[in-house]
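Per TrEMBL, the features are:
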- A:57-79: transmembrane segment (TRANSMEM)
- A:99-120: transmembrane segment (TRANSMEM)
- A:155-176: transmembrane segment (TRANSMEM)
- A:179-484: domain 'NADH:quinone oxidoreductase/Mrp antiporter transmembrane' (DOMAIN)
- A:182-203: transmembrane segment (TRANSMEM)
- A:215-239: transmembrane segment (TRANSMEM)
- A:307-328: transmembrane segment (TRANSMEM)
- A:340-359: transmembrane segment (TRANSMEM)
- A:366-387: transmembrane segment (TRANSMEM)
- A:393-414: transmembrane segment (TRANSMEM)
- A:435-455: transmembrane segment (TRANSMEM)
- A:475-499: transmembrane segment (TRANSMEM)
- A:511-533: transmembrane segment (TRANSMEM)
Amino acid sequence: MSTAAVHSLWTTAADPISKIDAPKIEYGQLSPTLIVVGAAVVGVLVEAFVPRKARYYAQMFVSVVALAAAFAAVVALAADGYGTTKARIAAMGAIAVDGPALFLQGTILLAALVGLFTFAERRLDPEAHGRPVDSFAAQAASVPGSDSEKAAIRAGFTTTEVFPLLLFAVAGMLVFPSANDLLTLFVALEVFSLPLYLLCALARRKRLMSQEAAVKYFLLGAFASAFTLFGIALLYGYAGSVSYATIAHVVDGTAADIDPALADTMGNDALLLIGTAMLVMGLLFKVGAVPFHMWTPDVYQGAPTPVTGFMAAATKVAAFGALLRVLYVVLPGLRWDWRPVMWGVAIVTMLGGAIVAITQTDIKRLLAYSSIAHAGFILAGVIATTPDGVSSVLFYLAAYSFVTIGAFAVVTLVRDAGGEATHLSKWAGLGRRSPLVAAVFAVFLLAFAGIPLTSGFAGKFAVFKAAAEGGAAPLVVVGVISSAVAAFFYIRVIVLMFFSEPRPEGPTVAVPSPLTMTAIAVGVAVTLVLGVAPQYFLDLASQAGVFVR
Amino acid sequence: MSFPLLTATAALPAVGAIATAAVPAAQRTAAKWLALLFSLATLALAVTVAVRFDPDGARYQLTESHSWIAEFGVRYELGVDGIAVALVALTALLIPFIVLAGWHDADPLETGSRRWRPTQGFFALILAVEAMVILSFEATDVFLFYIFFEAMLIPMYFLIGGFGDRAHEHGEQAAATQRSYAAVKFLLYNLVGGLIMLAAVIGLYVVAGNFSLTEIAQARADGSLDMATGTERWLFLGFFFAFAVKAPLWPLHTWLPNAMQESTAPVAVLITAVVDKVGTFAMLRFCLQLFPEASKWATPVILVLAVISIIYGALLAVGQRDIKRLVAYASISHFGFIILGIFAMTSQGQSGATLYMVNHGLSTAALMLVAGFLISRRGSRLIADYGGVQKVAPVLAGTFLIGGLATLSLPGLAPFVSEFLVLVGAFERYPAIGIIATFGIVLAALYTLVLYQRTMTGPVKPEVSAMPDLRVRELVVVAPLVVLLIFLGVYPKPVTDIVNPAVKQTMSDVQKKDPRPEVEAAK
């Protein structure tokens with residue numbers, strides 16, 4: 001019985017006579033995650049045993065192969081019908097292998113692959129000591145401004161730990177949206193969060209800001225995790241199980257058996273409501289929804305830009321996936337309780353993100369607030385509680401992640417003596433000096449703004465349509481109003497780039513290696529293809545829109 | 001399958017835009033000729049469309065229909081009725097003139113990087129706008145229409161913000177600031193309108209289940225699709241708001257004077273003579289067909305707004321010191337007439353409105369382009385800076401006068417026919433409104449003639465004494481427009497023949513459920 005995985009642990013402890021069955025693990029169906037975890041471990045070994053000179057290439061090779069292989073595994077599973085007819089719950093009830101899980105895993109893997117290219121970029125920063133360096137700290141352990149840091153920079157040190165860290169984060173993200181019990185959910189949350197906290201602290205330049213961002217992210221993230229864990233505990237108290245299916249049955253009042261040990265608390269609605277609130281709070285923290293968004297601007301600004309891009313895209317995908325599964329699989333019976341609250345969250349997120357973004361003067365903070373507004377739009381699709389809602393959210397996430405990674409990749413190119421020139425005033429006249437880069441960034445901004453013929457429009461239309469059909473027409477109205485507000489600041493950047501005079505001491509646009517070029521090109525291609533011919537991907541998302549229960 | 005003529009008409013300028021943009025930075029002249037070539041070829045296709053179109057045939061002709069985004073129920077559906085044919089032809093006709101008139105508008109002055117190619121960009125953007133405008137005239141799928149209705153804002157925005165008059169009374173820096181202000185204002189107004197329409201488009205989908213104009217209109221007509229009165233009104237308002245911003249209708253008009261003032265004359269023509277027509281066209285095609293009941297419900301308010309537009313635009317035009325702003329306010333007044341004709345709900349009114357769209361395009365183009373030539377000679381947009389030009393440059397002054405007289409609807413010139421039809425149509429049902437609107441014509445005479453008098457007559461100002469007359473390129477632009485204005489003024493039949501059956505159809509859509517005796521009498 002898969003539905004009683006953890007439950008059975010509880011009872012076996014009380015009853016030593018019955019044997020613990022060896023768990024049955026479906027290695028094939030879990031292969032995407034396993035490949036990435038395995039590669040991350042290999043990456044750690046590479047770090048330990050491969051000579052320093054060869055590490056960069058070895059790490060690149062391992063990471064690229066792992067992500068590509070994992071993606072191939074996802075595609076193979078989907079082609080085999082695991083996304084639709086053969087959808088099942090694997091690993092003793094811990095992991096769901098179904099349409100949304102596979103779709104999101106595929107998106108995360110592709111986003112990670114593109115993100116990896118920006119991680120590996122080594123041509124943007126000027127060479128140190130004749131060696132090309134990347135955007136990560138020369139020696140993370142040295143105190144900023146200290147002699148040892150200076151020595152490390154002079155020596156042209158580069159660290160390659162970022163690759164295994166990225167892979168660990170990806171592994172956690174792969175599990176997060178497919179977790180089918182609350183403990184797995186929590187473990188996955190920690191597995192992808194901890195490497196991200198570290199990665200945030202690793203910027204080569206502006207290290208204090210980077211470390212500050214990491215500390216903020218870590219403290220607030222730990223806080224949110226604690227909430228999540230407490231919520232899980234309360235839900236366990238309520239349902240006597242951490243399995244999604246069992247909790248859903250208890251919520252519906254169709255539970256088969258009642259655990260005698262938990263008879264006092266089981267079915268206590270206070271536990272259910274408080275537990276749900278805390279659990280959802282933790283997830284909303286990860287997606288960056290108002291009022292749990294405070295970390296977003298600081299972390300986005302302080303983290304090394306490749307990390308920001310990856311995090312903004314992949315974390316959002318994983319977290320929305322988990323949120324969808326929790327709300328649609330565990331708590332459909334509680335719909336009438338959580339929908340009004342989520343309405344409120346979606347409205348303040350859309351409006352809050354869009355309005356506060358207007359006042360931003362730093363491009364990374366601006367994109368951070370824009371990501372908050374986008375979280376609000378996606379929430380509108382989540383609230384629809386229809387199959388269309390699921391598929392529209394899946395599509396939106398796929399479209400959004402590539403725009404985001406591409407946009408942050410462009411941010412890494414615009415540089416002056418102090419590294420990336422992220423202050424908006426420095427972007428003035430960029431269109432005169434580097435028309436191509438400015439045009440590409442304009443495409444991304446137009447996609448964020450949801451202008452037709454870009455992926456942003458198709459995604460926005462999908463979620464708004466789902467919301468309207470799901471009876472949330474007022475959300476659509478708020479959505480278009482905040483889109484209009486948001487359009488203002490995207491356009492402001494375009495005005496700045498194209499219609500302002502370039503500053504004489506303005507930044508230059510670094511010529512990147514083919515790695516970053518690929519990342520940006522993929523971003524542009526996906527943006528335009530999903531904008532002009534979204535049919536195939538919408539089909540895919542709609543086929544993948546059914547959760548296994 | 002037959003040759004997709006409508007797609008080709010829109011695709012050709014799109015291809016031209018890409019080709020023009022791809023011309024190397026040094027080959028500016030080649031880019032210009034390429035753009036001109038593509039615009040002329042598009043005109044040839046548009047003429048073919050007009051010839052192939054049978055006014056007495058089916059309502060939508062040359063139709064194309066392909067599956068596009070099945071998930072949203074969106075199809076790539078094109079088809080033209082008489083109104084669309086007239087406007088596609090107008091668009092394709094005006095673009096070559098706009099290209100020719102703007103021949104030197106985007107020659108680079110300032111130094112950019114070697115890859116900075118403003119000239120190529122300018123002409124590519126014009127062709128891109130043309131492609132999108134033509135597609136939005138041809139689309140019979142609401143979603144398809146919406147996409148191009150919105151997307152055309154982006155090239156338009158770059159045209160307004162990126163290219164302006166060299167001459168500016170406050171210097172280059174101030175000019176750039178005001179230009180980008182005008183461009184942002186244009187974009188925000190239209191984007192807000194468009195986003196509100198997006199909510200209505202989604203609402204329409206929820207109610208109707210697909211986006212096909214013909215299917216929904218059919219279902220509305222035979223009663224199989226019943227909308228609640230409230231729903232229909234909200235959806236109508238969502239659509240109408242976007243179109244009223246675009247058209248523009250008072251009080252949503254304030255972006256137009258800024259945009260026209262700051263952009264170069266050819267771009268100003270592009271805005272008012274081509275792009276804005278999509279707004280009035282869409283009222284006729286989408287508002288009336290999809291929401292007939294709500295259209296009738298909203299008619300009194302819209303008519304009042306239209307009359308305010310007519311009078312307010314004309315009054316403000318009288319008071320302008322800037323030539324381009326004057327033409328902008330005159331256009332607002334004329335759009336008031338067009339909207340008045342559409343919502344008077346009589347066949348004269350709607351025929352007149354459609355004809356008005358064409359004629360206003362021609363007359364504004366003539367007036368504005370000549371004004372642009374004038375401004376480029378003197379380097380000032382202020383009326384007070386001119387005087388006695390007709391003694392120095394008689395041909396320029398003469399064509400300017402004809403453009404001006406067309407604007408005030410002098411009998412014998414094309415706009416007179418349409419304005420007369422609109423007023424007759426309005427008068428039949430709403431005499432009071434017709435009477436007030438007539439004052440718009442009086443004011444039009446005032447602002448046009450005063451403009452002419454101040455700039456062209458009187459003593460020759462020293463600054464204009466050396467002003468050259470129209471050059472060959474400029475004559476090539478102006479002469480055909482003048483000929484057309486006179487021809488259509490004397491013999492409007494070619495246009496009315498194409499337009500009238502379509503107008504009758506639209507009328508019957510609106511009136512079918514609620515025939516009003518006055519209309520029967522009028523027919």
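Heads up, the Cβ atoms here are built off N, Cα and C, so glycines get one too.
Just so you know, TrEMBL annotations are computer predictions that nobody has curated.
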The transmembrane segment (A:475-499) vs the transmembrane segment (A:215-239): 3 or more CB pairs under 8 Å: no
Positions whose Cβ lies under 8 angstroms from the transmembrane segment (A:307-328), at least six residues beyond its ends: 96, 100-101, 104, 107-108, 111-112, 115, 118-119, 166, 169-170, 172-174, 176-180, 185, 188-189, 192, 196, 199-200, 202, 244, 279-280, 283-284, 286-288, 299-301, 338, 342, 364, 367-368, 371, 374-375, 378, 382, 385, 390, 393, 397-398, 400-402, 404-405, 407-409, 411, 547
Listed stretch, out of A:57-79, A:155-176, A:215-239, A:340-359, that has the most CB pairs under 8 angstroms to the transmembrane segment (A:99-120): A:57-79
Non-local residues, at least 6 beyond the ends, that sit with Cβ under 8 Å of the transmembrane segment (A:155-176): 32-33, 36-37, 39-41, 43-44, 46-47, 55-56, 59-60, 62-63, 66-67, 70, 95, 105, 108-109, 112, 115-116, 119, 122, 127-131, 133-134, 136-140, 184-185, 187-196, 198-199, 202, 310, 314-315, 317-319, 321-322
